[in-house]
Amino acid sequence: MDKLEKLSIDTIRTLSMDAVEKAKSGHPGSAMGLAPAMYALWANDLVYDPAAPHWPARDRFVLSGGHVSMLLYAMIHLAGIEEAVDGKTTGAPALTVEDIRNFRQLGSRTPGHPEYGHTTGVEVTTGPLAQGCANAVGMAMAQRWLAARYDRPGFRLFDYRVTAFAGDGDMMEGLSSEAASLAGHLELGNLTWVYDRNSISIEGDIAQTFTEDVGARFEAFGWHVIEVAQGQDVRAVTEALQAARQEMSRPSLVIINTVIGFGAPGKAGKASAHGEPLGAAELEGAKRAYGWPEDAPPFHVPEGVREHVTGALSARGTPRHQAWEKMFADYRKAYPQEAAELDMIFSGRLPRGWEETLPSWPADPKGLATRQSAGAALNALASAVPWMVGGAADLAPSTKTTIEGGGDFQPPRWGGTYGGRNIRFGVREQAMGAICNGMALSGLRSFCAGFMIFSDYMKPPIRLSALMGLPVTYVFTHDSIGVGEDGPTHQPIEQLAQLRATPNLTVIRPADANEAAEAWRVVMKHDTGPVALALTRQAVPTLDRTKYAPASLLAMGGYVLANAGGNRPEVILMASGSEVPLVVAAYERLVAEGVRARVVSLPSWELFEAQEEIYRRSVLPPFVKARVGVEMGAPLGWDRYVGPEGTMIAMHDFGVSAPAPELMAQYGFTVDNICKAARAQIAAHRPPEKPRAEASGCPYPHGEGVPAAQAQNTGAQAAGAHDPHSQLAQAGMQCGGSRLLAELRAKEAARKEAGQKEADQD
């Protein structure tokens with residue numbers, strides 16, 4: 001290698017070593033060993049314009065072993081990648097030397113593991129091993145899909161490659177095998193994994209734990225396998241990468257043998273080089289081994305290095321990008337509809353009129369399973385949004401997630417096309433979730449489905465999609481002991497609580513067919529994080545929305561579904577999902593007995609907590625202590641709504657195998673038991689004194705003095721109203737002269753006035 005090549009590689013190493021040393025935390029060893037391969041990829045192979053880091057046709061790089069983050073940060077700096085904000089470059093560098101100095105510090109742009117959306121040049125958040133490998137498969141699948149749908153003769157818009165760096169730990173994880181198996185079956189020739197085989201883990205030599213022939217395993221998966229004997233040989237690594245680029249019918253695994261902590265006199269090739277600073281003596285010894293100037297300060301970037309790396313990358317990427325922009329301008333003229341769709345994909349927008357496709361259902365005491373109604377809504381939306389793509393873990397017939405007429409995403413020899421919208425993930429739940437993350441990162445509206453109980457297998461990718469704010473949809477059916485005869489292994493108990501505990505994940509458990517359709521409306525509007533839908537196996541009644549509040553109020557997360565207690569109910573019954581119709585039946589019995597009861601549907605805690613306090617208090621007035629909550633899952637978290645004095649009818653143990661109706665009776669999910677609990681709650685709480693008008697809460701849908709008939713029609717009057725502000729106003733209009741009504745009306749008037757001012761300015 002020439003002098004500038006060696007100097008560039010050693011700069012990657014020394015920046016990594018210095019950053020870890022200053023932070024007193026990090027992983028220097030793999031960065032030192034992988035630096036030549038990183039240089040070979042970025043300087044000699046990757047098609048990437050550093051001045052346009054969000055160019056849709058760029059090659060993607062994924063660092064699956066996110067602990068080696070300094071390897072990526074050093075390259076982002078040396079490659080001259082420009083900072084991008086909201087998809088537009090600012091002209092400033094994505095990372096400066098000062099940013100690298102602040103590695104792993106509070107508020108820095110160089111966190112311990114790469115974070116998507118935090119640092120320009122980072123394609124995906126990685127850290128949990130093998131997640132990045134599967135994300136890369138999703139990105140490669142997205143490229144195949146985009147090319148199949150939008151490329152035209154003379155217009156090859158999407159021909160990019162995806163390269164992931166992975167280590168021994170990634171290869172040990174079962175997820176990498178799941179993802180590699182599917183990638184091989186799908187013949188993803190646009191995918192390369194570079195396997196850094198340094199044979200060292202935290203506990204020492206991997207000969208103690210990992211002795212299989214990885215190359216043979218991947219050949220069995222249908223991969224093209226290349227081995228580079230010496231990972232320090234830039235030319236050999238470059239040739240291997242280019243050979244992988246030429247192989248279009250199989251994914252490629254490039255195995256490179258490296259030395260962890262390369263150059264460190266006492267730690268090279270040892271576990272002590274993995275996850276801790278080298279220490280001053282080892283750091284100085286390594287720099288001497290590289291021939292680094294002895295008087296060079298920490299974080300030194302030699303003259304010409306940055307220009308060399310940036311120039312090498314730009315020499316390929318910039319002309320390709322410019323040619324692509326010209327081609328896309330011509331494409332726009334020739335194929336305006338397809339170009340308009342791509343504009344929406346690139347910007348995250350949806351086609352006009354997509355909401356109009358959503359179905360609705362009339363009242364039906366027999367009803368249907370929410371998995372069925374959600375499936376109908378999914379298909380309606382898929383007809384309006386062509387880039388909705390997804391599938392199930394061998395459960396599409398059960399989860400009702402097949403896009404009718406969408407075709408299978410398969411290589412032609414397996415009877416499909418890469419333009420198919422139904423992905424057969426096989427029984428690979430964790431890979432399915434991580435692949436959907438990769439597809440979402442490519443602009444597609446991805447969804448995946450399985451039984452709620454198997455969400456356990458998907459927790460890592462779900463957590464990462466929430467961390468990245470990706471609009472992935474998880475369709476989880478068979479959401480309770482309503483599964484019945486399959487028994488406790490398949491009856492989810494704690495899963496809802498686990499999902500609800502995940503930050504930035506919105507969980508929606510619709511009560512009936514119309515709430516299920518409204519849940520999909522929320523899904524499509526929500527683009528700052530994932531949504532998990534919890535759906536039933538068993539049929540549930542479709543509620544009469546002329547009698548009860550409209551299903552569109554699901555967007556509020558919680559709402560008063562039925563109310564016979566004015567603004568002073570004796571008891572509040574609340575539930576989510578399939579238990580809501582059960583609670584409504586109990587409500588009707590109690591009302592017939594003269595009880596002033598209220599029913600609150602709570603399909604989404606996250607959406608409900610996002611509403612203004614004034615609205616939440618109107619739904620659940622604090623002065624009403626008599627409360628009964630009903631959910632066929634673990635009670636964890638319900639105390640915030642039921643309160644310390646309320647009753648929670650829930651599952652406190654695993655279920656058993658039996659027909660669903662028998663299980664519900666066994667565990668107390670019956671009208672009789674709910675009514676019994678309600679009466680006990682009423683008896684335990686003395687009726688509160690009538691609150692003063694200025695202090696009263698304003699329960700929706702009606703207040704004191706409003707005729708019952710008028711109150712029952714409130715749902716019909718509000719049907720079709722999807723604006724939460726309008727819904728708040730409607731709630732307030734039923735409250736007579738309360739102080740709350742005045743506050744709500746004032747807020748609505750201010751909102752309208754602000755909107756009018758904006759319109760006048762337009």
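Placed from the backbone N, Cα and C atoms, the Cβ positions cover glycine too.
No curator has checked TrEMBL annotations; they are predicted automatically.
Quantities reported herein were computed from a predicted structural model and do not represent experimental measurements.
Positions annotated as substrate binding site by TrEMBL: His27, His274, Arg371, Ser398, His478, Asp486, His490, Arg537. With a cut-off of 8 Å between CB atoms and residues at least 6 apart in sequence, the same chain places Phe451, Ile453, His478, Val483 near His490 (substrate binding site), listed in sequence order. The DSSP secondary structure for His490 (substrate binding site) is coil.
Around the Cβ of His27 (substrate binding site), the same chain contributes Val20, His67, Val68, Ser69, Met70, His274, Gly275, each under 8 angstroms and 6 or more positions distant in sequence. Annotated site 'Important for catalytic activity' per TrEMBL: His27 (among others), in sequence order.
Among the features that TrEMBL reports, thiamine diphosphate binding site is placed at His67, Gly127, Pro128, Leu129, Gly169, Asn198, His274, Phe454. Residues within less than 8 Å, Cβ to Cβ, of Asn198 (thiamine diphosphate binding site) and separated from it by at least 6 positions along the same chain comprise Gly29, Ser30, Gly33, Gly167, Asp168, Asn257, Thr258, Val259, Ile260, Gly269.
Under the heading Mg(2+) binding site, TrEMBL lists Asp168, Asn198, Ile200.
Its Cβ placed at the centre, His274 (substrate binding site) has 21 other Cβ atoms within 10 Å. DSSP assigns His274 (substrate binding site) to coil in the three-state reduction, placing it in neither a helix nor a strand. Among the features that TrEMBL reports, site 'Important for catalytic activity' is placed at His274 (among others).
The domain 'Transketolase-like pyrimidine-binding' annotation in TrEMBL covers 368-542.
Residues annotated as active site, proton donor in TrEMBL: Glu429. Glu429 (active site, proton donor) falls within a helical segment according to DSSP. Note on Glu429 (active site, proton donor): other Cβ atoms within 10 Å of its Cβ, all shown chains, come to 25.
Taken from TrEMBL, the feature region 'Disordered' covers 684-734.
Among the features that TrEMBL reports, compositional bias 'Low complexity' is placed at 708-721.
Under DSSP, Gly169 (thiamine diphosphate binding site) is assigned to a helix (H, G or I) in the three-state scheme. Confidence for the domain 'Transketolase-like pyrimidine-binding' (368-542), expressed as mean pLDDT, is 99. The two recorded residues, Glu429 (active site, proton donor) and Phe454 (thiamine diphosphate binding site), have Cα atoms 7 Å apart. Listed binding-site residues near Gly169 (thiamine diphosphate binding site): none (candidates Arg371, Ser398, Asp486, Arg537; Cα-Cα distance within 10 Å). Between Gly127 (thiamine diphosphate binding site) and Asp486 (substrate binding site), the C-alpha separation comes to 36 Å.
Listed in sequence order, the residues of the same chain lying 6 or more apart from Arg537 (substrate binding site) and placing their CB within less than 8 Å of its CB are Ala369, Arg371, Ser398, Thr477, His478, Asp479, Gly482, Val483, Gly484. Same-chain residues with CB within 8 A of the center of the Asp168, Asn198, Ile200 CB atoms, the Mg(2+) site residues themselves not counted, are Ser30, Gly167, Asp196, Arg197, Ser199, Ser201, Ile206, Thr258, Ile260, His274. Geometry remark: Ile200 (Mg(2+) binding site) versus Leu129 (thiamine diphosphate binding site), CA distance 15 Å. Just so you know, the Cβ of Phe454 (thiamine diphosphate binding site) picks up 19 other Cβ atoms within 10 Å once every protein chain is counted.
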